[in-house]
Amino acid sequence: MAHTRGNLFILSAPSGAGKSSLINALLKKHADMKVSVSHTTRSPRPGEEDGVHYHFVATDEFKALIEKNDFFEWAQVFDNYYGTSKQAIESQLNAGIDVFLDIDWQGAQQVRKIMPSVQTIFILPPSKKELEQRLNNRGQDSADVIASRMAKAQSETSHYNEYDFVIVNDDFESALADIEIIVMAQRLTLKAQKNRHQVLLNSLLK
Ligand code: 5GP
């Protein structure tokens, strides 16, 4: 079987829709899927590790990376900078790994322009009430932060219309299966299969 370049996916969602848990579950199940580790200027939350959840950098360092043209995309989200380094994705895609970008709508808009083949997925919470509860249950942010995130959730959600796929995270397992179906379907497109099965196709058509 010929080697095929991995596919790139973007997952966006309002904070509290359960995106991180879905990505974690997906990676646990599939060794051939990876999430890109972004750079951010925000401080680590309890339990977050540098180089695992994010590359935590100072604002000066982030700006220097922008100057060096090291980012595939970057954006200011809430009060901090976030960005995907080119290095974080290219080598993985070339190794045939499917890569997920956990980024916001601003990043998604930039990536669509650079790589139109990207498949974009928007995750919705099942209701506003549930979203509010999920943001409260985290217990890691102050009431002010939660209120501001509810407002920003609405602004993030207003971009759902720009995405290829929309998933409602009501039942976790079925939302996970929905993502898997999208990834599997991409692996079966004509372009991917032509690449993968060159030898077979040649022999069948000789
Ligand atoms: P959090 O601070 O809760 O980890 O992330 C806040 C928001 O920033 C989330 O919507 C997340 O998807 C987005 N984000 C994380 N990394 C990146 C990135 O590299 N680029 C962009 N554009 N957004 C990101």
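Cβ atoms are placed via backbone N, Cα and C, with glycine included.
Whatever TrEMBL says is automated annotation, not expert-curated.
What TrEMBL says about this one:
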{"type": "BINDING", "residues": "Ala13, Pro14, Ser15, Gly16, Ala17, Gly18, Lys19, Ser20", "note": "ATP binding site"}
{"type": "DOMAIN", "residues": "6-184", "note": "domain 'Guanylate kinase-like'"}
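On the structure: features taken from TrEMBL.
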{"residue": "Ala13", "record": "ATP binding site", "Cβ contacts under 8 Å, 6 or more apart": "Lys19, Phe122, Ile123, Leu124, Pro125, Glu156, Asn169"}
{"residue": "Pro14", "record": "ATP binding site", "Cβ contacts under 8 Å, 6 or more apart": "Leu124, Pro125, Leu131, Lys152, Ala153, Gln154, Glu156, Thr157"}
{"residue": "Ser15", "record": "ATP binding site", "Cβ contacts under 8 Å, 6 or more apart": "Leu135, Arg149, Lys152, Ala153, Glu156"}
{"residue": "Ala17", "record": "ATP binding site", "Cβ contacts under 8 Å, 6 or more apart": "Ile123, Leu124, Pro125, Leu131, Arg134, Ala153, Asn169"}
{"residue": "Gly18", "record": "ATP binding site", "Cβ contacts under 8 Å, 6 or more apart": "Ile123, Pro125, Arg134, Asn169, Phe172, Ala175"}
{"residue": "Ser20", "record": "ATP binding site", "Cβ contacts under 8 Å, 6 or more apart": "Asp102"}
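Those residues of the chain, other than Ala13, Pro14, Ser15, Gly16, Ala17, Gly18, Lys19, Ser20, with a C-beta within 8 angstroms of the mean position of the ATP site C-beta atoms are Ile123, Pro125, Arg134, Asn169. Reduced to three states, the DSSP call for Ser20 (ATP binding site) is helix.
Secondary structure at Ala13 (ATP binding site), as computed by DSSP, is coil. All protein chains included, Gly16 (ATP binding site) registers 21 other Cβ atoms within 10 Å of its own Cβ. Other Cβ atoms within 10 Å of the Cβ of Lys19 (ATP binding site) number 22 in total over all chains.
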